Amino acid sequence: MSSLSVRFLSPPLFSSTPAWPRTGLAATQAVPPVVAEVDAGRLEPRVEEREGYWVLKEKFREGINPQEKLKLEREPMKLFMEGGIEDLAKMSLEEIDKDKISKSDIDVRLKWLGLFHRRKHHYGRFMMRLKLPNGVTTSAQTRYLASVIRKYGKDGCADVTTRQNWQIRGVVLSDVPEILKGLDEVGLTSLQSGMDNVRNPVGNPLAGIDIHEIVATRPYNNLLSQFITANSRGNLAFTNLPRKWNVCVVGSHDLFEHPHINDLAYMPAIKDGRFGFNLLVGGFFSPRRCAEAVPLDAWVSADDIILVCKAILEAYRDLGTRGNRQKTRMMWLIDELGIEGFRSEVVKRMPNQELERAAPEDLIEKQWERRELIGVHPQKQEGLSYVGLHIPVGRVQADDMDELARLADTYGCGELRLTVEQNIIIPNIENSKLEALLGEPLLKDRFSPEPPILMKGLVACTGNQFCGQAIIETKARALKVTEEVQRQVAVTRPVRMHWTGCPNSCGQVQVADIGFMGCMARDENGKPCEGAAVFLGGRIGSDSHLGNLYKKGVPCKNLVPLVVDILVKHFGAVPREREESED
């Protein structure tokens with residue numbers, strides 16, 4: 001087991017909608033009880049450490065879900081910690097599929113290493129998810145990822161995710177040991193990025209360059225990622241959580257990080273003249289329930305962000321339920337214990353068992369209008385600008401990545417920044433170089449800094465092209481529907497449209513102005529067809545709120561007229577024929 005070596009020092013970072021019709025509730029806004037009646041035995045930790053790994057105690061194994069049984073059958077992290085991936089990579093898929101354990105290794109346990117087998121749609125091919133704290137990557141890292149996917153031809157591509165991360169596709173198992181080595185050499189890891197682990201820490205994509213930033217989030221997210229993965233060597237204390245767990249550090253009034261949908265969100269706040277963070281906990285999406293994060297009534301100094309993260313993770317790991325998989329996210333535990341009961345369990349796990357109450361207010365301006373990241377914008381550094389590029393539904397090819405890396409080196413500082421809207425920012429560009437950058441073919445032909453207004457806010461998950469859980473195809477359909485809608489109506493203000501292929505909501509439809517969640521529907525003849533549930537009214541920024549279900553089971557072929565109608569009624573869009581007649 002690797003030892004953890006992280007210095008918990010905070011750098012000097014601090015510086016000074018319409019009402020929607022509701023046909024169904026998309027999110028749970030109910031506040032957990034302050035105190036809940038809980039039997040003392042319920043507070044006994046359900047896991048214990050054995051030979052360096054955290055294991056579910058035998059007395060708590062009745063009624064556990066299949067994934068928990070799989071973890072007990074073989075510890076997933078042994079594939080990384082004890083070289084199991086090397087042996088697995090030498091086996092043929094035929095050999096692997098003949099053995100129950102090996103088959104579950106490639107289908108489930110490899111997710112602890114960030115590898116997802118696409119058995120249903122691309123047998124023998126894997127998606128690899130990285131860790132990219134705060135969404136920052138270098139040109140060298142980008143070139144390496146391009147070299148990986150290029151060898152896979154039409155099966156190889158990469159996606160920008162809604163957690164400021166890279167996912168690369170087309171990977172074959174025999175290449176994995178060499179890929180992992182290459183990732184390490186360029187300062188990347190895929191470790192602990194899937195299944196019951198902490199996902200990529202999200203922050204302000206403008207950290208350190210933002211004219212209006214409250215605090216630079218990048219150093220904090222780097223610390224969080226180093227802690228969570230033990231400097232990319234594996235932190236076994238947090239690889240057996242009841243379910244996945246999301247964290248973000250908020251750095252500006254814009255709330256680019258979407259704190260209301262994270263399990264833990266650090267909200268900048270001053271208390272007694274000291275800079276630190278108020279804490280929100282419990283936000284999540286799932287097919288069963290969507291819940292907005294709630295205040296923990298806790299404040300920590302900037303020096304203590306790791307300590308409180310550790311305490312919250314330990315409370316969740318120790319006490320979270322492991323039965324029905326749809327009721328294992330941290331908010332279910334908060335509901336069961338009550339917010340004060342959960343807080344007390346966190347306090348027990350803090351040094352000296354102390355945790356200050358929240359500052360009266362955080363530093364977020366409540367009436368702040370969220371800024372646009374796409375386009376050319378000045379930085380806080382005189383003479384420098386950043387350029388936000390629109391990446392249509394987040395999809396890039398190997399040649400695109402090489403070109404992006406070249407642009408980052410030629411015009412910037414060799415750095416790219418990914419956003420939760422699946423776009424990319426090139427920072428630190430000398431103003432004298434802007435004209436040349438804007439004239440580059442890649443920006444003219446592929447990744448525009450001035451996309452059409454409806455394309456600008458378009459987000460889409462992987463869809464059933466690659467994902468076995470997706471019910472519908474999303475990326476190509478999102479582009480096609482949006483293109484057709486643009487031909488029919490003129491829109492004068494941004495409208496964010498998100499697509500997700502299934503109720504897991506990787507496309508985060510509940511935060512969109514208009515969201516589309518894949519489902520099976522019935523056409524005019526009553527026959528099953530691909531469809532979508534439509535959501536309206538999601539808000540982001542300082543007035544964040546989850547949207548509501550507007551209409552169920554709309555056949556995909558009927559979405560264009562519905563979207564046109566919504567845009568005209570709720571967003572001031574004008575039909576093209578009317579616009580032309582008025583002109």
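The backbone N, Cα and C atoms fix where each Cβ goes, and this holds for glycine too.
Within the same chain, residues at least six positions away from Cys461 ([4Fe-4S] cluster binding site) with a Cβ under 8 Å of its Cβ are Thr162, Cys467, Ala470, Thr474, Lys475, Trp499, Thr500, Gly501, Cys506, Gly507. What Swiss-Prot records for Cys461, Cys467, Cys502, Cys506 is [4Fe-4S] cluster binding site, and it gives similarity to another entry as the kind of evidence.
Neighbour density for Cys506 ([4Fe-4S] cluster binding site): within 10 A of its CB lie 23 other CB atoms from the protein chains shown. What Swiss-Prot lists as siroheme binding site is Cys506.
Under the heading transit peptide, Swiss-Prot lists 1-22, citing sequence analysis as support.
Of all Cβ atoms in the shown protein chains, 20 besides its own fall within 10 Å of the Cβ of Cys467 ([4Fe-4S] cluster binding site). Sequence-distant contacts (6 or more apart, same chain, Cβ under 8 Å) of Cys502 ([4Fe-4S] cluster binding site) comprise Pro287, Cys467, Gln469, Ala470, Ile471, Met517, Gly518.
Other than Cys461, Cys467, Cys502, Cys506, the residues of this chain whose Cβ falls within 8 Å of the Cβ centroid of the [4Fe-4S] cluster site are, in sequence order, Thr462, Gly463, Gln469, Ala470, Thr474, Thr500, Gly501, Asn504, Ser505, Gly507, Gly518.
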